[in-house]
Amino acid sequence: MFDRIEDAIEDIKQGKMIIVVDDENRENEGDLVMAAEKVTGEHINFMIKYGRGLVCVPMTEKRLNELGIYQMVENNTDHKETAFTVSVDYKECTTGISAFERALTVKKLVDDNSKPEDFTKPGHIFPLRAKDGGVLVRAGHTEAAVDLAVLAGLKPAGVICEIIKDDGNMARLPDLLEFAKKFGLRIISIEDLIKYRMKNEILVRRVAQAKLPTKYGNFEIVGYEEILTRKQHVALIKGDINKEPVLVRIHSECLTGDILGSLRCDCGDQLHAAMERIGQEGGVLVYLRQEGRGIGLLNKIKAYHLQDQGLDTVEANIKLGFPPDLREYSIAAQILKDIGVKKIRIMTNNPQKIMELSDYGLDVVERVSIEICPNHYNEKYLKTKKERMGHLILEV
């Protein structure tokens with residue numbers, strides 16, 4: 001359905017437009033996207049005529065500050081946090097509204113010789129302030145446009161325009177696919193762009209290493225930090241990991257289960273079972289700081305409250321506005337590669353974890369079950385994971 005990110009990057013490099021689609025649970029829209037330094041009046045005219053949305057120019061915060069172009073409002077209450085700045089025209093424009101004068105303004109925004117006094121405010125081009133870190137920090141069209149320009153080896157700025165149908169409503173995916181076919185444009189998703197960056201960029205660095213004696217044996221503990229978010233994770237290593245395949249457990253943080261002994265989940269029991277087995281056989285345990293299946297500790301407690309009222313763990317997440325599972329495993333894959341592990345036997349009941357690790361280049365040769373006997377408090381939770389989340393659990 002979607003084109004390859006590599007092909008889209010090549011089109012951006014050649015000055016072509018593509019269509020970028022975001023998540024159906026977000027804005028669920030498609031934008032025409034191209035590199036700002038490649039724009040022409042014909043491109044802007046196409047966007048105005050066929051896209052029909054607002055023509056905007058995503059740029060880095062650094063560049064906007066250099067040009068003295070600041071945010072439109074001090075208190076941004078937009079629910080998607082779209083970071084509009086004051087609109088601008090290039091000083092030599094007449095009205096600034098024509099496709100060709102708008103293209104001129106865009107070109108001057110990315111011209112290294114431009115100065116703050118070269119732009120009048122307000123104008124007819126709407127710069128957008130992209131977040132540092134791009135789609136890995138905010139999964140929006142603003143960040144996607146800048147990321148694509150950078151990946152194409154061009155200046156970090158794009159031109160975007162929403163695609164609106166003839167009847168005035170937003171074009172959704174079926175409409176966008178037809179639009180792409182009609183005009184011969186490639187179409188990609190922000191989700192695929194995120195995966196591409198996670199797979200091809202180094203996003204974690206090793207910070208510290210020490211010996212860690214435990215009741216399950218003597219481990220080596222290695223501390224890692226995510227480069228963009230500063231989030232911290234650890235890996236516990238036991239024995240000779242050069243003998244592949246290596247036994248691996250990737251465990252997501254659960255304060256209530258791992259530390260406080262909660263009976264509502266099987267997390268703590270799984271953690272200790274994994275440490276015991278790795279202590280005996282050798283291997284690696286990666287401990288990821290993605291509490292509550294990625295929603296955080298306080299939201300997890302809110303989800304517990306909803307479960308007390310009768311909702312299951314999936315329904316509780318959705319009620320709070322989250323997907324059933326927000327976890328992702330690209331960082332774990334990068335940690336394992338840094339350690340030197342490529343071929344693994346993975347201790348998990350979660351087939352999604354296996355799929356993601358394979359997508360990120362690890363050779364998963366075996367799934368090792370890690371089932372815990374259910375108790376009165378977590379039986380419904382485990383049954384929900386099996387029936388609604390596809391976990392491979394036999395005991396419930």
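Every residue gets a Cβ built from N, Cα and C, even glycine.
Note that the coordinates shown come from a computational prediction; the quantities given were computed from them, not determined experimentally.
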Exercise. If Swiss-Prot says R249, I250, H251, S252, E253, Q270, E291, G292, R293, T348, K353 bind GTP, which of T229, T313 does it name for the same site?
Worked result: T313
For this session: Select the closest residue to H124 (site 'Essential for DHBP synthase activity') from the following binding-site residues, measuring between CA atoms: R249, C254, C265, R293, T348.
Result: R293
For this session: Report the residues of the chain - excluding C254, C265, C267 - with C-beta within 8 Å of the mean position of the site's C-beta atoms, for the recorded Zn(2+) site, in sequence order.
Result: T256, G257, D258, S262, R264, D266, G268, Q270, L271
Exercise. Pick from H141, R249: which of these binding-site residues has the biggest number of other Cβ atoms within 10 Å of its Cβ?
Worked result: H141
Seminar exercise, completed: In chain order, residues whose C-beta lies under 8 angstroms from the C-beta of D325 (active site, proton acceptor), counting only those at least six residues away in the same chain, are R293, G294, N317, Q352, M389
For this session: Determine, to the nearest whole angstrom, how far the Cα atom of R249 (GTP binding site) is from the Cα atom of H141 (Mg(2+) 2 binding site).
Result: 35
